[in-house]
Amino acid sequence: MSRADDTNEEQDGSRESTEDQEGLQLLETSKDDDANANFVSVGKEFSALQLQDGDELGLLHTKYELVPEKDFAAEVRAFRDLEAFLRQAVFVLDLDATDMGKIMEAMLRRLQDTHPKAKEEFTVNEVLAASFAQDSYSLVARTIQGIVRNNEMGSFDFDQSWICAMCDLPRLTQRYTMIAQLRRPTNLGATCQEVQIVMLILSPRIEKMTKTAMETGRTFATLFMDIEFRHAFIEAPSEADCKVLISDKAKALAYHQGLPEHRNSAMVIAKSVFDEPEGGKKCIFGRGLIGDLKRRLPHYWSDYKDGFVGKKTPHKVVATTLFLYFACVLPNIAFGMLNSNNTKGAIGVKKILFSQMFGGILFAVFGGQPLIVLLTTAPLALYTKIIFSISRDFDLNFDAMFACVGLWNAGFLIIYALFDVSKLMRWSSRSTEEIFSLFITFAFSADAIRDAIADFKTNYQNEACETKSMSSSNETLDVVLTTTASVLTSNTSDSGLSMVAECLRENSILFLLLMLGTLWMGLTLFNFTKTPFLTEGKREILADYALPIAVLFMSFFGSFVFREIKMKPFDYNPDEGMFVLAPLTSLPVGAVFAAAGLGFSLSLLFFMDQNISSALVNTPNNKLKKGAAYHWDLFVVAVINGFLSIFTFPWVHAALPHSPLHVQALADREERIDQGHVHQIVVHVRETRVTGIVSHVLIGLSMLLLPYPLSYIPRPVLDGLFLYVAITALYGNQFFERILLLVTEQAAYPPNHYIRRVPQRRIHTFTFIQLAQLLVLCVFGFSPIPYMKMIFPVLLMFLMPIRHKLVPKVIEPKYLRALDGH
């Protein structure tokens, strides 16, 4: 059992009144004075009795105690403590130290330089001796540290990014507070493995109860419980900025704690965007749209400002813009080639790039949640193929049929938005979202693998290669020439212009090299922050630019280093028609009603794709502050696709995994270490429209680069990008993590909350249920029968009732809350 779990059990009696709370609390760790004395004396007394390795024996008394947060709205001392500190603030910024003793020594030296009176009241060695529980200066005697509790899920973890140390001295006449900002996360002990902020409180031993070290420590610890405030403090470049941050945070906390609705609860649960408003208007027409606009419009201008203001923001925005450009334009080329083949050139690369540019810019400007990325996806390409097949079978005009289906789809989406149908997504749990996300990952991977297999069949296992193999196995030259001549004759007779297939095995080997090389380089750079090489800033830059670097490097590698090997360029029709109105009047009435059925099925796909992508973007783990806009986003997507339909441009909708990856690219993260397992949490996300607008303007300019220089990007590099996007989307996918548990040694299981709270058999049962649902989606989604794919959107809708009606009959609800909660 972990140390946190032991603490949880010890405090069960004192926590019964907070059974429903979830959040940060303060925990005081103290090694009593008597215990300190006992430790030292026992160590000295048994100094002659040493173990074989030289370690001395000793006793240490440790006690944990929950400490209430400081109430800045009600407690007088809260602001007085801050005022006293800000008048004579002692900051040590950008401190490069990795030892607690050296950190505290630097803080004390700064205090004595700033306040000469402090030199008369204590010496540095005196404070260090009183602050630590042993002579080695490795174990602080009294500390306050944050803990993260979740009673529903049962997790109990230390907040390891900050620590507040306290010390009482007999000769002190006043209190002193010091705050150190470390240059990099530092390991200071078992529960302090990623510390970047250290506070030290010195207080007279005999002091008024409201002015003790403990009470002063509560004041500052309450401020630093907020992860966003800590992040801003760590990034603060000067003492003046630190003072402003502390003062503003105290005022905001006092206002927040003073609100009437917060006075009787230690925690506030934010209302969901899907909750019904109080008071109750009976008419639901357009209420969701109005609510979304009221929620998002006040933040509209800040959506632009946040793309320019803030430390690391310019670098993050540029890196994210390039990531979005390559992550969108390269799949566009691939899907453009696929659509061109499926529609005999009616929809090609040029049209798909325009759709991406037009839809992306409009959504980035007018959409409610600008972090969502619109894209043409594989399911939409399959629907386009189905419409083309129907048009050909029934002798209908494809452009007219495509436009009619698109307009019906847009009409249904507008109805969904006006009548708040997105409220159904309140039943969409993490399980539903991650099943669909994993299906999209498989779809991207399948596209790349399918292309590799097709290339090997074309260039590696064709008739010419078989003939060459026969000749190398003791075949005479005459037989080879005769066979080749007969093949040439037969091919020429069948088609006057056809040529015998060449044996180009080097093309297939290069295809594999470029595809896997792009994947390897992208993942290596993406995970470079986990290596000890270079500096922290350079590692982060390489990780942010992982995809552009991998694509450009491997494109140069394939197009110039191996330029003698001619890779097949992507198909491009320079005469592709643009802005030609679809002849809707040419459709018979029966075709219009048939298009309505196709449009309804397509609208279900749009509805689920759009809302699941939005749910994954707005998940609580991302800590977005400006709110979601499910209904308004659906309305904007409907209008965009209505316009695209009448000109036979391909449709776009919210894309997975691009939308969550867009959020990750704009996020600042902190690492957490729990029992040797490293995981990252999002601290802050730049919620901006700038990246979406600029990246899609660049995509529009890419139309001018057709066919060159885009043709210098080999097709296998596009497939490597597909694999990169698919694999990086698996990071943080709890469903995939539980699949890996099926083949993981039990001793290596990570200390996740569901591992602690759910029996292992129930975990694997839930995983197998999800796998069964994923298998059904794959059977219909990847079926070779085109019309089976039309059932796919309906299956997506059934994921929600299965989760809420059938799964609870197999797994108890208390376990489902731990397994399926955000």
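For all residues, glycine too, the Cβ spot is worked out from N, Cα and C.
Checking TrEMBL for transmembrane segment across the ranges 433-454, 763-784 points to 763-784. 541-562 is the stretch from 400-419, 541-562, 763-784 with the greatest number of Cβ pairs below 8 Å to the transmembrane segment (317-338). In summary, the transmembrane segment (509-529) lies against the transmembrane segment (721-743): three or more C-beta pairs, each 6 or more positions apart in sequence, are under 8 Å.
Residues 326-327, 330-331, 334, 430-431, 434-435, 437-438, 440-442, 444-445, 447-448, 515, 518-519, 522-523, 526, 547, 550-551, 621, 656-658, 660-661, 749-750, 752, 754, 763-764, 766-767, 770-771 of the same chain sit 6 or more residues outside the transmembrane segment (721-743) yet have a Cβ under 8 Å from a Cβ within it. Between the transmembrane segment (628-652) and the transmembrane segment (400-419), the number of CB pairs under 8 angstroms, six or more residues apart, is three or more, so the stretches are in contact. If you look at the transmembrane segment (583-608), the same-chain residues 6 or more away from its ends with a CB under 8 A from one of its CBs are 379-380, 383, 386-387, 390, 394, 396-397, 399-401, 403-409, 411-413, 416, 421-422, 436, 634, 637, 641, 646, 651, 653, 790, 792-794, 796-797. Highest Cβ contact count with the transmembrane segment (690-709) among the listed stretches 358-380, 400-419, 541-562, 790-807 falls to 358-380 (criterion: pairs under 8 Å).
Counting residues 6+ beyond its ends, the transmembrane segment (400-419) has Cβ neighbours under 8 Å at 284-286, 288-289, 383-384, 387-388, 390-391, 582-587, 591-592, 595-596, 598-600, 602-603, 606-607, 631-632, 634-635, 637-639, 641-642, 644-648, 651 in the same chain. Among residues of the same chain six or more beyond the transmembrane segment (541-562), those with a C-beta under 8 A of the stretch's C-beta atoms are 315-316, 319-320, 322-323, 325-327, 330, 510, 514, 517-519, 521-529, 534, 665, 712-714, 716-717, 720-721, 724.
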